[in-house]
């Protein structure tokens with residue numbers, strides 16, 4: 001008899017929910033009789049843990065009839081993407097998920113099943129399932145519903161007073177019961193989003209070496225140069241659709257955290273699934289470890305990365321190029337690669353170099369820009385006028401600042417038909433040396449030069465506010481409390497309703513708090529921040545601050561790219577995402593002074609964003625999944641991963 005491990009069935013026959021090419025070749029003529037035997041550690045049937053075993057003569061029969069006999073009872077002979085639209089390429093859909101496993105074969109049984117986070121249901125296993133899969137005695141007699149499990153876990157998590165402890169509890173749950181983790185996150189997104197992502201994930205990255213228990217994702221270091229393709233093939237899932245990759249050099253506003261930046265790709269991909277509906281098995285977090293310049297980490301006995309200074313120049317470029325080439329070779333043209341928390345000097349170069357050859361996206365540059373633009377478009381309902389009527393002043397001229405500025409200029413150019421060079425003149429940036437002006441142009445980095453305008457040099461932000469007289473003040477500096485009382489008061493003296501966006505993460509690095517913005521502007525500011533702040537009461541009125549969180553944009557954007565089979569990201573897709581998000585702000589939200597919708601509706605929001613992005617991809621001729629669905633919103637919703645438990649036979 002021949003033993004087939006779990007990967008043989010799950011990854012090659014689509015039991016994990018994928019409509020893979022191997023299944024697409026199966027035609028339905030009639031079932032094959034397959035005897036499944038559970039062997040214990042002593043080799044006797046029916047005892048202990050079970051592996052999937054198929055009699056040798058039956059395996060031969062299966063091979064001979066591979067074009068006529070399904071391993072799975074309920075797979076259609078014509079593979080479709082979710083929603084019933086035929087997948088003409090025979091590829092995996094964005095989030096396609098079959099309901100019933102394991103059909104005619106057993107994926108796992110007994111103790112092994114309880115230790116498999118992809119299939120474990122804990123106390124939710126029914127009595128019938130416990131009998132069928134050798135779980136009798138391995139679980140208490142109670143059968144709990146999915147909803148009761150969610151209630152219990154939320155009660156447990158709320159008992160922790162320290163956010164990092166809540167983060168660790170969530171990560172532990174993800175490693176034990178994946179579907180319960182995502183149901184918990186989806187059902188309690190506003191409460192748990194600050195735990196699994198910013199601001200708590202920042203602290204988690206700082207202490208990653210100390211709290212590290214089980215590896216998540218792939219770690220690729222300089223030691224693996226020349227072997228990256230081999231490393232990618234070590235990952236158990238083969239149908240990868242989204243990769244989030246970091247080199248850890250600029251983690252949030254915390255600086256160089258080296259290999260410990262892995263918390264960011266893990267957190268981002270959790271949101272791709274929970275908020276955008278991308279299947280967990282289609283997501284791959286990666287950290288590229290080229291060393292760190294953080295002396296504290298280099299001297300930390302618990303640090304998990306390379307203990308050397310960062311590689312730069314040609315050595316760095318060659319490793320990244322090998323990685324990008326290997327990803328395309330292993331996963332194909334349409335895998336989305338999201339660059340995350342690379343330092344300025346690399347982020348812009350990587351986006352420019354690979355934007356024309358790969359499906360790449362930088363959330364710090366493009367995602368932040370898209371969500372901020374959405375907030376500014378929505379804010380026009382509160383202040384009146386158009387985007388072109390405003391003057392913008394940024395504190396911070398890095399990836400986020402220049403990325404936002406460029407997208408605002410593009411949108412103004414689109415609205416007014418004015419040249420991009422003209423619309424850029426309405427936008428001013430302040431960096432660590434003061435206002436960016438033409439007299440500094442020779443010493444500026446390339447990505448800052450488009451924002452150098454004619455003006456006398458100004459060193460202090462408050463003086464720049466008084467001189468430029470902006471209607472919108474945006475902070476992307478990564479330096480906390482730089483929007484001082486004098487700065488906010490100056491903005492309030494110039495504008496009846498000053499728009500103040502304090503975007504730096506985590507909360508400790510925010511340019512000002514919500515309370516400061518509302519208090520110092522006498523309650524007139526339209527405020528949003530990168531990390532969440534609690535509601536503020538001022539002069540008898542309660543103000544609910546908005547959150548300009550990238551999580552509004554990147555999950556829906558990713559879903560739109562994947563479900564349309566897009567091969568390149570275009571600026572017009574980012575504009576479309578911004579317009580879709582702004583369109584989801586209701587009058588009720590406006591009445592509260594909000595310029596972003598609540599996260600409670602995030603899956604609906606993501607579906608609308610995905611539809612707009614996909615529509616733009618089809619319009620630009622960059623979509624490959626044909627024909628175009630008639631109702632893209634409905635199609636996006638049908639593609640979304642569901643964390644509901646499957647029923648085991």
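Backbone N, Cα and C atoms are what each Cβ position is placed from, and that goes for glycine too.
Per TrEMBL, the features are as follows:
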- 174-355: domain 'Malic enzyme N-terminal' (DOMAIN)
- 197: active site, proton donor (ACT_SITE)
- 250, 505, 549: (S)-malate binding site (BINDING)
- 268: active site, proton acceptor (ACT_SITE)
- 340, 341, 364: divalent metal cation binding site (BINDING)
- 365-618: domain 'Malic enzyme NAD-binding' (DOMAIN)
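Features as recorded by TrEMBL, highlighted on the structure.
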residue	record	Cβ contacts under 8 Å, 6 or more apart
197	active site, proton donor	267, 268, 270, 271, 551
250	(S)-malate binding site	256, 341, 342, 343, 344, 347, 364, 399
340	divalent metal cation binding site	244, 245, 246, 264, 265, 268, 362, 363, 364
505	(S)-malate binding site	198, 199, 202, 252, 253, 530, 531
549	(S)-malate binding site	193, 198, 371, 530, 532, 596, 599
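Ranked by how many other Cβ atoms sit within 10 Å of their Cβ, the binding-site residues 341, 364 place 364 at the bottom. Residue pairs drawn from 250, 505, 549, the listed (S)-malate binders, are separated by up to 18 Å at the Cα level. Over all protein chains present, the Cβ of residue 268 (active site, proton acceptor) has 27 other Cβ atoms lying within 10 Å. Averaged across the domain 'Malic enzyme NAD-binding' (365-618), the predicted model reaches a pLDDT of 95.
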